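Accompanying notes for the structure given below.
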Amino acid sequence: MDFSDKRLSYEKGALHEEILPQEPFAMLKQWLNEAIEQNVPEPYAISLATCGSDNMPAVRTVLVREVTELGVVFYTNYLSHKGQDIEQNPHAEALFFWHDMQRQVRVRGVIAKVDRAKTEAYFQKRPYESQVGAWVSQPQSGEVASREAMDEIFANLKQKFPEGDTVPTPEFWGGYEIAATEIEFWQGRANRLHDRLLYSRASTQDTWQITRLLP
């Protein structure tokens, strides 16, 4: 397939330095709220890129569950491909992309596990079948003989953990936080002269610097 003649002019907004707060998380929350108001489906979804010791990058979609004062939090299986990558190399990058708003946000930083109490509290907020489903993936991305075999594992786990009882949080499952050292806000503009404003800092203890980047 050839898409070389396809074009879309980006003319829905602009991004100026003078409107930016001193730290990026207020701006990220503002853009998330605007995406929610415009009914963007799952605006808290990110593409998460990791790279383990094999130097082979991997990317997948995960859901952000919290924006903190340091970065963004998501939950997953620690034994998954992404969990193994993070164990070997804690540097990662996340991308929010809101196509209808012609906006994206890149979040780069260092990933660490959230404390266990935070994981436990979030797990108990999940729907019952999502809690049970977390137990099925041992490990996530592991091979299974068939869909029927997976459904049977799920049914057996529902008997083991009846609805109404507390489903224990798997030890192999929990939260990660990307502590950001760079956050770039991108707003599409006409003629491909996009607005790119980058917040950066050497560590989470430093103040943010704001730089405009060429498109």
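Backbone N, Cα and C atoms are what each Cβ position is placed from, and that goes for glycine too.
Noted in Swiss-Prot for the protein shown:
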BINDING   R7, L8, S9, Y10, R65, Y122, R126, S130, R192, L193, H194  substrate binding site
BINDING   R60, T61, V62, L63, V64, R65, Y75, T76, K82, Q104, Q140, S141, W186, R196  FMN binding site
Separation of alpha carbons, H194 (substrate binding site) and V62 (FMN binding site) (Å): 26
Lowest local Cβ density (other Cβ within 10 Å) among binding-site residues: S9, Q140: S9
DSSP three-state assignment for R7 (substrate binding site): coil
Cβ neighbours of Y75 (FMN binding site) where a neighbour is any other Cβ within 10 Å: 20
Neighbourhood of R192 (substrate binding site) by C-beta distance under 8 A, where only residues 6 or more apart in the same chain count: Y10, P215
Distance, S9 (substrate binding site) to V64 (FMN binding site) (CA atoms, angstrom): 29
Binding-site residues compared (R60, R65, K82, R126, H194) - highest count of Cβ atoms within 10 Å: K82
Among V62, V64, the one of these binding-site residues whose Cβ has the fewest neighbouring Cβ atoms within 10 Å: V62
Cα-Cα distance linking S9 (substrate binding site) and R60 (FMN binding site), given in Å to the nearest integer: 27
